[in-house]
Amino acid sequence: MSSTHQAAVGHDAPTKNADLLSWVTRCARMTQPDRIVWCDGSEAEKKRLTEQAVKEGILIPLNQEKRPGCYLHRSNPNDVARVEHLTFICTPNKTDAGPTNNWMDPEQAYTKLGLLFDGSMKGRTLYVVPYAMGPLGGPSTKIGVELTDSIYVVLNMRIMTRMGKPALDMLGDSEDFNRGLHSTGDVNPDRRYICHFPQDNTIWSFGSGYGGNVLLGKKCLALRIGSYLGREEGWLAEHMLILGVTDPKGQTTYVAAAFPSACGKTNFAMMIPPKSYQGWKVETVGDDIAWMRVGPDGRLYAINPEAGYFGVVPGTNTKTNPNAMATIAKDTLFTNVAMTADGDVWWEGKDGEVPEELVDWQGRPWKKGCPEKAAHPNSRFTAPMTNNPALSPKANDPQGVPISAIIFGGRRSNTVPLVLQAFNWTHGVFLGATMGSETTAAATGKVGVVRRDPMAMLPFCGYHMGDYLQHWLDMQKSITHLPKIFQVNWFRQDKNGKYLWPGYGENMRVLEWIVNRVHGRVPTQETLLGWVPRQGDIPIQGLDLPPEAIAEATSIKADEWKSELKSQEVFFEQLGTKAPEALMLQRKLLISRLGS
Ligand code: GTP
Ligand code: SPV
Ligand code: MN
């Protein structure tokens, strides 16, 4: 690195943190940027970077009367989702990453990516982005610093995290921060790597400019590195929404729910109860990630480490998710949606008529009736949580909220019934461990294929999946008031491919049963799979639902469960000797109950 670079790091830096300064210096020496800019998170900085992004064509201003403060970003068409096949856990031992992760030797990974990062920021600016995951000053909060050459990343991190000076102040002189390095590179899918070094609290991401690949606080730190730290430190980092549901008497119950990517977390977390639920209220604590630890009273407390939502756009409308519609009305970055003639945004599943003409997500003219989608199926909004009308007053509470129920839910067109309750914690961990879900557009690859996705963490667990499940089992020793565990499936279909359950706000009907079970207010009915609502306990008045639909949505079919058990067996075999004993026993019990 030239002396000007050194001067830039030392001279402009708003910190005296020696570890941070020397790490930034080393990264700048490798990537050779023209400039180094330390981000402070201020409004002035936002304005300056936004203007520059517009000038460079990275952001397209939207109609500012209709969507004040909103911009559209079009990513490279080869770079529209997480890339699981290019995501690596680089632990010194391959076994520590486990059979469900891609592994690379750390030395080899540093060398390989080092060659890519070598000079990758020439002619560009390196932004230093300090950020906090979790409320500032909180006991669970972690600090990360992301070095990136992408303005888009900076502006997104500004929404998704508590970014800038306050985070740097919280870090002080400590060397305890996550070191994230990102360079957009030439966006060549053959030279794209997302590498995690949990033992070094380090992430290197090269060659992408999209979401979960590059907003390093989110999936990379809060889940992959987070889950690794959680096991070492005795807490849980989970792919879960957190909501508070308040009943007409004013009692609030906090619930965390793990659904795989694009399987309904944001929608459930922002749900508005139907008219028949007057006096009930659902408030959002988080929509994607929960960090949970045992509090002094022995309960499990959850915080949302994020400060914004990176949500799926298609399917969002004033009927499915009115709170999301309000959230994205201003100060929102849209990625890969379509644009209308008057500079507003459009997507499949938006309210109203399909416009005659649009500009599609790739910037091409699009006409009504065109078979191709105008918005990418994984198009996203980035919006501050403070825009959400249903934001929980506890969303900023550093202590988090006490969790009374944990829900696991996959996207299954058959087999899995609408709702059931686990017999106990171990059985609940078994339900989470045996989750399956049909793949979605949130990751590149085939869509609609059932895969095992334990606790919705398959792409996000930073260590051996067997150890992860054992960690869940072990947690029950330190939690004195165990949350009750449930399984749901909003996505069961009839033989014509129509959803049997109306979903969205109507999921309140299932949530009410869950709340009632938590507080011991309703008896239940035992089945082979778990406890289910008795007939009538899930009210269906007011639903436009044929009577056989609810019967079908809640049915348990022996033949479907035979093939389900086989698929679960393949998953457990993959874990080898690390498949937890307690879960193997649960499996045996289920087999004997099913008589197969
Ligand atoms: P990630 O941000 O990828 O983790 O996704 P998510 O789990 O937050 O999923 P999200 O709530 O954004 O929903 C994904 C898709 O599923 C959207 O197109 C929704 O419209 C649809 N969806 C959500 N909830 C329901 C539901 O209850 N029933 C049905 N049929 N579809 C739903
Ligand atoms: C997911 O895929 O689960 C997401 C979107 O929440 S991303 O940030 O791209 O991972
Ligand atoms: Mn997610």
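FYI, residue positions are counted from 1 along the chain as it appears here.
Positions of Cβ are set from backbone N, Cα and C atoms, glycine also.
TrEMBL labels come from automatic prediction, so no person has curated them.
The Cβ neighbour count for ARG380 (substrate binding site), using a 10 Å radius over every protein chain in view, is 26. Under the heading substrate binding site, TrEMBL lists ARG82, TYR210, GLY211, GLY212, SER261, ASN378, SER379, ARG380.
According to TrEMBL, the feature Mn(2+) binding site maps to LYS219, HIS239, ASP288. In the three-state DSSP reading, LYS219 (Mn(2+) binding site) counts as helix.
According to TrEMBL, the feature GTP binding site maps to ALA262, CYS263, GLY264, LYS265, THR266, ASN267, ARG380, ARG411, TYR504, GLY505, GLU506, ASN507. According to DSSP, ALA262 (GTP binding site) sits in a coil region rather than a helix or strand.
Residues of the same chain lying 6 or more positions beyond the ends of the compositional bias 'Polar residues' (379-390) and with a Cβ under 8 Å from any Cβ of it are 156, 159-160, 211, 270, 272, 282-284, 304, 306-314, 316, 323-324, 326-337, 347, 361. What TrEMBL records for 379-390 is compositional bias 'Polar residues'.
According to TrEMBL, the region 'Disordered' annotation covers 370-397. Here the region 'Disordered' (370-397) is broken down by DSSP into helix, strand and coil counts: 3 helix, 6 strand, 19 coil.
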Pick the one among the binding-site residues ASP288, GLU506 whose Cβ has the fewest other Cβ atoms within 10 Å in this structure.
GLU506
Within 8 Å of the Cβ centroid of the Mn(2+) site residues LYS219, HIS239, ASP288, which other residues of the same chain have their Cβ?
GLY212, LYS218, ALA222, LEU223, SER261, ILE289, PHE460
Going by DSSP, is ARG82 (substrate binding site) part of a helix, a strand, or coil?
strand
Between ARG82 (substrate binding site) and GLU506 (GTP binding site), what C-alpha distance do you get in Å?
30
Cβ under 6 Å from ligand 3: which of the binding-site residues SER261, ASP288, SER379 qualify?
SER261, ASP288
